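Some notes on the structure that comes next.
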């Protein structure tokens, strides 16, 4: 997993309280990790803060899995 992927995983574990081994690229935030819509909004805000970038609403709607978040942030992260 990339350095950005590891940071994404850490945020997901902290915010959703899931076991680290469940946080894999194909894991759906809602279906696999038990997030609700508020959790997903909070995750997006945490990603924005951690990586110093803005995630527009239309992009946030396409970030459904851990891998989606990692790919988006690898392209758009400022830090």
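These residue numbers are counts, starting from 1, taken along the chain as shown.
Cβ atoms are placed via backbone N, Cα and C, with glycine included.
Taken from Swiss-Prot, the feature domain 'Carrier' covers 2-77.
Other C-beta atoms found within 10 angstroms of the C-beta of residue 37 (O-(pantetheine 4'-phosphoryl)serine) number 9, with every protein chain shown included. Secondary structure at residue 37 (O-(pantetheine 4'-phosphoryl)serine), as computed by DSSP, is helix. Annotation comment: Swiss-Prot describes 37 as O-(pantetheine 4'-phosphoryl)serine, evidence class sequence analysis.
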